[in-house]
Amino acid sequence: MGAAASRKGSLKDDHAQLLSSLLKRKTNALVHNYKHGFSGFAAVLSAEEAHSIAERPGVVSVFPDSVLELHTTRSWDFLKYQTSVVIDSNPNSDSNSTSDPDSGAIIGVLDTGIWPESESFNDKDMGPIPPGWHGTCAQAQDFNTSNCNRKIIGARSYEADDSSVIKYHSPRDTIGHGTHVASTAAGSEVQGVSYYGLAEGTAKGGSPGSRLAIYRVCSSHNGCRGSSILAAFDDAIADGVDVLSLSLGAPSFFKPELIDDPIAIGAFHAVQHNITVVCSAGNDGPTRGSVVNAAPWILTVAASTIDRDFESDVVLGEDKVIIKGEGINFANIQKSPVYPIIYAQSANKTGVDENESRSCNPDSMDQEIIKGKIVVCDKDGPYSPSEKKDVVKNLGGIGVVLIDDESRAVASTFGTFPATVISSKDGAKVLSYINSTKNPAATILPTTSPTNYKPAPTIAYFSSRGPSTIPKNILKPDIAAPGVNILAAWLGNDTAEAPEGKDPPLYNVISGTSMACPHVSGIAATVKSRNSKWSPSAIRSAIMTTATQTNNLKAPITTDIGAAATPYDFGAGEVSTTGPLQPGLVYETTTIDYLNFLCYYGYNISTIKIITNTIPDGFTCPEESSIDLISNINYPSIAISNFNEKAGRKVNRTLTNVAEDDKTVYTVSIDAPAGLDVQVVPDKLQFTNNGQKSSYQVSFSSANPLKEDVFGFLTWSNEKYKVRSPFAVSSESGN
């Protein structure tokens, strides 16, 4: 996958010859021909044919068409009030990112498509389509050019190949995920929105003045094919988008090499064309090293909670003891605790392992015992809260209380059936009550959605964690954003999501790093619209260095289990809506940095020259390239692996002044863990004009070996700005 073919030269000729020879052998072999941002194609080939093409001169890689997965309102207000940054602006105007009536930025969304009829995509008061837009609005049986407007300015769809049994050549969303993501990033303001009365308020995207370009690369039948993703990147580069938002990626157990990763390859070329690429970090947390989309040219987003809860409480016994639970149900049962409640294990079927029954697994419980009762289920087993609810419901139970610390933090949807999820600590109280009385009784209350919940944010249990494994010397994820219980636009005909007796929801509540990603995409679009000449790396730096590490209790952000969060959990911290608009200083990661990264990663210069579309004359890989040197590229965070306390480690960074201030001096402060000595030289940086650069060196040393990975922050500040960067130091190898 190389540079875009020039109008002259051997690269274009080689590409044409390969295509010609392929089509002579198999006329229907070609799936996609990539020609705008990079040079390559996707084709249906046998293993022998693929091997033959891989041997051709000029072919950098041939890899299977992987199937990637989706990483699947109040959040913007929460982010706004969490930030303490004041932005210079007209004193009579609102500086919040949602105030721009027409930002001019274009966000490309690679996902499951769009439901254009949603009110979140109205173009009221929007100006003309930006003149730099060169895209198209595709037509299909259920989608035509009138579905596009001044908000949705483009829509395309892609198929894996023409041999697919089920074809769906349309940008229309049939899943809901893409519609939800797009409205979170750039949805227009819509008042009076709720999920059947819950979470009522005004729905709006992070950059409601931005335009949307939709690229449907995922379907319920074919998944998210790598060939379609690359085709969308290729078109988006030519179309003229400013930001690309991808709430999808490989599962953590399958981490392709960079040269075989369609997202990493497409993103590299997009960034070379001055497009910021924002990706979800994955939903395989809290496992260490599970983060994906970790290439340094990608802005990688973790998921956090907001201060709104979906509370469904359990009421116990005559004393009406209230146990707080989580879940969305529209139950219509008595609010007084008059229903028998039992522990599922006590309904164990003869001959069945008790571990099966206490977890409410299928075919494990006696129907006669379950019927007419509220059933308490343990977490264990492979079944989801909704599946366990169905088991109990089908046996005649009238309610479910699930004990599950992880699911307690994310609202499952149970429809009209009384169900909720409680913590293990509260679960012990419920079981103690059941065992303490002859006729235990309870009820489950319908859901409410209180706000100002504390503490918030916390890092969601499912959010994939660092360190990055490709490689550990880049600190990932980069940033955290709201990704739990997010209300946003949905399909208009999804009867499967509708509780019994209700119309399909126009807005839906779902969770995932998929929901966190478009929050950052919207902020990136606003930054781009305010600072049109900034590079993707400057935008990423502005977002990272202005993040917050404190919650709404003014205490350090924690994980879902209450432990202090680290940069492996949240990167630089929780994103700010206003701070990135005026960061003061930025770390610009240059083309040379990315080329050196590829060298240090182990690629030779001939491979690098083929996969990049811009390479300075005379560039060669450093003679002593190694993984450890990746720590030295000019990234907004610092990650050091293979740390040896005797040798220590030094890294360099360069900051660029992007403020309009006159002469100013920044002073460094260091927040380092016990046992790690961190020195910065110089400890003051002076700037006299906009665009000026200044460098510093950080030295890490320790008197004793590190027993575990350690973390800290470097902060450069003056009277107006704070530029804060996380660091991680590990004695483990960077591979």
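Each residue, glycine too, has its Cβ placed from N, Cα and C.
Since we're looking at a predicted model, the values are computed, not measured.
Record features, source TrEMBL:
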ACT_SITE  D111  active site, charge relay system
ACT_SITE  H177  active site, charge relay system
ACT_SITE  S514  active site, charge relay system
DOMAIN    8-71  domain 'Inhibitor I9'
DOMAIN    103-554  domain 'Peptidase S8/S53'
DOMAIN    358-429  domain 'PA'
DOMAIN    632-729  domain 'Subtilisin-like protease fibronectin type-III'
Integer Å distance between the CA atoms belonging to D111 (active site, charge relay system) and S514 (active site, charge relay system): 10
Residue pair H177 (active site, charge relay system), D111 (active site, charge relay system) - Cα distance, angstrom, rounded: 7
Per-residue pLDDT averaged over the domain 'Subtilisin-like protease fibronectin type-III' (632-729), given as an integer: 95
Cβ neighbour count within 10 Å of H177 (active site, charge relay system): 26
Cβ atoms near D111 (active site, charge relay system) (within 10 Å, other residues, all chains): 29
Secondary structure content of the domain 'PA' (358-429), with strand meaning DSSP E or B: 24 helix, 17 strand, 31 coil
